[in-house]
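Quick look at what TrEMBL lists:
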type	residues	note
REGION	1-40	region 'Disordered'
TRANSMEM	77-96	transmembrane segment
TRANSMEM	108-130	transmembrane segment
TRANSMEM	150-169	transmembrane segment
DOMAIN	150-381	domain 'Putative ER transporter 6TM N-terminal'
TRANSMEM	181-201	transmembrane segment
TRANSMEM	213-232	transmembrane segment
REGION	277-302	region 'Disordered'
TRANSMEM	684-708	transmembrane segment
TRANSMEM	714-731	transmembrane segment
TRANSMEM	738-758	transmembrane segment
TRANSMEM	778-799	transmembrane segment
DOMAIN	800-1032	domain 'DUF2421'
REGION	1049-1070	region 'Disordered'
Amino acid sequence: MSRDEPDGSNGAPPEQAESEERTASKAGQDEPVSGSTAPPKPGILARLGLDLPTILMMIKGAIAPTIAISISQSTAVAEYFTTLGYLVGILTIISVSIMPRGKFLQTLVLNIFFACAGAALALLIMWSSLQARLHTESRPLNPGSGLPPYNSSQSAVSALWLFVSIWFVNTLRAKQPTLNVPVIVFSIFANISATYSPIMTSNVAFESLVKRLLTAMLAAFAIATACSLLILPVPSRKVSFGQIKGLIMLLRGAVKQEKVYMQSLEREDMFAIPHDVSSSVDEKTQKKKKKSKESGNTDHNTAAEAKALKATVTAIRELGGKVQADLAFAKRDVSWGKMEAADLSQIFLLLRACMVPVIGMSTVIDIFQRVAEKRHWITDNQTPAEVVAEKNEEKRIWNEVMRQLHEPFETLSEAIDQGLEHVGILLEILPRPKAQKKKDSQRSGSIDVEATGNLIQPGDPGFAEVLEQKVNLIKDVKGKVLKVWAKERGLIKDELSQDTIDPNCLSGDDVKHRRDQSQLFLLLYIERLMQEAGEAVHSFVTYADKKVSSGSMSKNRLIVPKYNRLKKWVSSIFQEQDSSSENAADLFDSNNIVYVGDGFSAKKDPEHLPATNFIEHMGNGLRLVNRFFGSQQSLFGLRVACATMTVGIVNFLEPTQEFFVKQRLVWAMIIISISMTETSGQSIFGFFCRVGGTFAAMVLALIAWYIVDENAPGIIVFYFLFLVLIHYFFIKYPQWISASMICMVTITLIIGYELQVLKIGVKVSESNNQPYYPIYEFAPYRLATVAGGCLVAFIWTIFPSPITDRTWLRRDLAATMYLLAHYLAAINETLTSRLHDTGGDPEVKSSPAYKLAKTRRRLFGKLLLILPSLNQHANFQRFEPTIGGRFPREIYLDIIQRATRLTSYLTLISHTVTWSPNPSPEDRVWINALAVLLTDISTTRDTIICILALLSNSLQSGRPLPPNIPLPKPYELTRQLEHLRLPNSEPGALGLLDARNMSENGFAEFAVLQVCSSLVCDDLDGLVKSVGKLVGVVDFSFRVEGSVRSLRTGTTTAAGTESEGDGKGKGKVD
């Protein structure tokens, strides 16, 4: 049995994870280095993203359909399947043999189940329709050649069965994206059986058809299974380890980019706001930015560094969501490796602990931008001199502070980079350098850390002690940097220590005091995140060393998932809440559908009280039936059924039945099942892609047929090469998956049919009442059939009323707001339990702390999944035609970016209140002091949750916001803490927020909470304004003409606009 866990020496990870690794490796190479030569331009293969794993996956994907087409040239196979041989090749494509093993096996089981269910339904359809013919047909059946006489009853029964079955399975498909591929398999059975049913005249005929059809499907699944498991197998663990490797590389690259950005702030203007980095959509701010850019005040180097850093952070978030979604499949996989399922979860948790502070340090870009905006420092040629002087003075102070942070950040960057490399080497995720392998073979005896500290490299024993020294060095520099800041603010002199700060300097002008305090908080915020990043990496290194010392990494062993895990997997496949993460094995839908919880979708019925007896419970059961038929998923199933019947009705009417059979229009119905989507934006984009892909398939089929002079072996070779080419787009461009699938299905349909005719002859091929066409006629007919199916699918997606990507975008934003509110509520409960010491041991599964941690991780994972889908909907909506006013894309993008930042800030708060690897007694004193105060200001935290829930409800329903929403004040906590003393302190002791306490850990922790809370409040204010622009704000003011007095009415205006009365409102006018 081959190993499933990559160690850098036993083969490359699969292409699904390798693409993230390539992106990650670039993150560390993009940082500008002065004096270095420009890197060489990448070659053609590099620009196309063609490396060995990608090419191998392209070849693997083409093997299964090529085998299926090749075996149809066998006499025994051709005589058994007769006119259905090409179907085997098509079903091997739909089976997607290049999926990771866990997802493929899950899809395989569902495919077999739905194929068998489709066969049973096909027998029922054909038997019941034949009975309708036998009970209404007075003439004896003629078993001779040609189509039997038309029977309206048989056609009607077949049409009814087809409509109901297509509606039901596509309703399930809309509820469970996992069932996408199995529903297509079922639809093929239902479409073929229902369209052949009106011409069936005996039980033997339809039983033979169903048997051959089911055998063809099972044979296709068997071929795909053999190719998936035996040819270049892609274990789910290998995918997850490849993704983890990519995440490690991205984190290393992000730290390097943060170092370059921080070092640029030693000399550049950190308050310059480049247009492409800020996300504000305020028109006045944008105009100022444009003027500032034209006047040359924007530093392009800093802008480029900030943009590159933000791109890397975005990639980290997206890849983190993928890791969490695919980790469940990896934990269920049977493998030959070294790590148990619990180890995978622990590795991701430790990696996430490193990821949070690294992402948090990138928020410094947003903080400086907000400072510039709030203080009106977006300068131009007309800016007053005193404003410019104030900005330059602030810039000078920060330049000096950043110079003092140069060495600590250099040390931190090196420590994180080497620490993550050490972890990757020990856990066999990253390859061990060759020179180090040689050195390991020669090493013996104990390690003297002090003597060889500079010689110890990542992967060596004793590296953890070296890393700990570097992390402690960062802590030691903290007091020095704070002293420099106090000196620059004039709070101390050179010869004075930090403990002798003049209190009078701290209580002067309130505005200056507030600015000094904010600056101190920001400095402590940066230092605290640096410290947390170093400690998180050190904890990760310690875990890796323990795995090695325990002997777990010494040898491979068979790892089998436990019974409870498999039981949970089977029971969760059909549970809606797990459809987007643990069981989403669907490759046809690139969006992430996240179950946000019962509180978002379920609403209390205002017309019914909870059921109290058996009769009332039975009534609730009947109401569930009505709810099922009236659901959005049922409406989607109805659309698909109507689209299918738009083509299928041709087969059920007497004048056109023969035309339908001879022209093989059943494939238009099958294409509809593959092409239908829930949103019109994807449908428009998909329509053009699918028609273009079908045209390309026709051209490639003609080339493959004629370039070898109709020689079957040569045709199969070129067919294989063209499938390899199409798989490039299938793998590299997820948004083209459905188009690539239809392209492969079409070329297989054309080539498979013509090769089938070459083998069985024209006479046998026409035994199913379908005339033979040469390829130069058959290929255009198939193009027309597929294009017609795509057109019908497109029409029924937008008719009678389109479900647009713009609507989905608004609904997903509402779900995001709800998740953020839920996430903040979990963080508040965590903070409360920590302050009052009621959480218990977080390692015990029954403790509140463990359950809260599990809830926070689950919500964080859902946010990581849903945020990328928001951008996908925003991109797809560009393909939707705009009828009426322009779509406010800028406002939606602003809401998306603010929601993304809110996720980062809340995650930082969650990480800060739970991260305490080495707590001290002094920290407990601060916690007790904060507990007293936070109990009194819990309404402020509840206000944020209420506003997020209110925004979610307004976006979901489209109803306007109420006026004058009370926004929380971020400095309310600060003002109350300024007068608070430590418990049991002597009279005249320092207040908690006295600057002379700034070296305390509790002070730094509060600084992080304060900065993040301020950022949350700022973005919350922006969200209220942006959502108000979309849904409006209820405005009860009403101004009578000629009067300055105001009445009250119920008009609705956009946020930030004034309502002008015209004397025709709802209020009474005297």
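Any Cβ shown, glycine's included, is placed from N, Cα and C.
If one looks beyond the transmembrane segment (213-232) by at least 6 residues along the same chain, the residues whose Cβ comes under 8 Å of a Cβ in the stretch are 56-57, 59-60, 63-64, 67-68, 80-81, 84-85, 87-92, 95-99, 101, 104, 108, 111-112, 115-116, 119, 122, 185, 188-189, 192-193. Same-chain residues lying 6+ beyond the ends of the transmembrane segment (738-758) with a Cβ under 8 Å from its Cβ atoms: 65, 69, 72-73, 78, 83, 85-87, 89-90, 93-94, 588, 667, 671, 674-675, 686, 689-690, 692-694, 696-698, 700-701, 704-705, 710, 712, 715-716, 719, 722-723, 726-727, 729-730, 765, 772, 775, 778-779, 782-783, 786, 790. Proximity of the transmembrane segment (778-799) to the transmembrane segment (108-130) is not established, fewer than 3 Cβ-Cβ distances being under 8 Å for residue pairs spaced 6 or more apart. In the predicted model, the domain 'Putative ER transporter 6TM N-terminal' (150-381) has a mean pLDDT of 83. For the transmembrane segment (181-201), the partner stretch with the most Cβ pairs below 8 Å, chosen from 77-96, 684-708, 714-731, is 77-96. For the transmembrane segment (714-731), the partner stretch with the highest count of Cβ pairs under 8 angstroms, out of 77-96, 108-130, 684-708, is 684-708.
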